[in-house]
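Chemist: Sharing the feature lines straight out of Swiss-Prot:
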| type | residues | note |
| --- | --- | --- |
| COMPBIAS | 1-19 | compositional bias 'Basic and acidic residues' |
| REGION | 1-38 | region 'Disordered' |
| CROSSLNK | Lys7 | SUMO cross-link |
| CROSSLNK | Lys8 | SUMO cross-link |
| MOD_RES | Ser11 | phosphoserine |
| CROSSLNK | Lys17 | SUMO cross-link |
| CROSSLNK | Lys18 | SUMO cross-link |
| MOD_RES | Lys23 | N6-methyllysine |
| MOD_RES | Lys38 | N6,N6-dimethyllysine |
Amino acid sequence: MSAKAEKKPASKAPAEKKPAAKKTSTSTDGKKRSKARKETYSSYIYKVLKQTHPDTGISQKSMSILNSFVNDIFERIATEASKLAAYNKKSTISAREIQTAVRLILPGELAKHAVSEGTRAVTKYSSSTQA
């Protein structure tokens, strides 16, 4: 036999299995465990999409990308606001720290619009809780 006939095609090693999230299964006492909930911004992203483009849909992949984007921006703003509070020797993150963090993280015109929308949202929330 030749050397080529003896060789087997290279096979891929099986991927390691990762522990899965809680699945619905019966435990020792017969009760079903519910699946672990994963919090996303999907419903909010969808509502905004329908406000701006009522006849447009969105794929799961696109929704996943937007969800990752929102989580990333949220984390950046929270981290920056935390640093600002620490610099000023405060243990509480206020609207002022969030606003400053947004100005530092987002570029130019985008920061201005974000600050104005944020201020408007806080004002609307404050007036609704007082009434």
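Glycine residues also receive a Cβ, built from the backbone N, Cα and C atoms like all the rest.
For each feature listed, report its degree of burial, its nearest neighbours and the pertinent distances within the displayed model.
Modeler: According to its DSSP assignment, Lys38 (N6,N6-dimethyllysine) is coil.
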Chemist: So for Lys38 (N6,N6-dimethyllysine), how many other CB atoms are inside 10 Å of its CB?
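Modeler: A count of 8.
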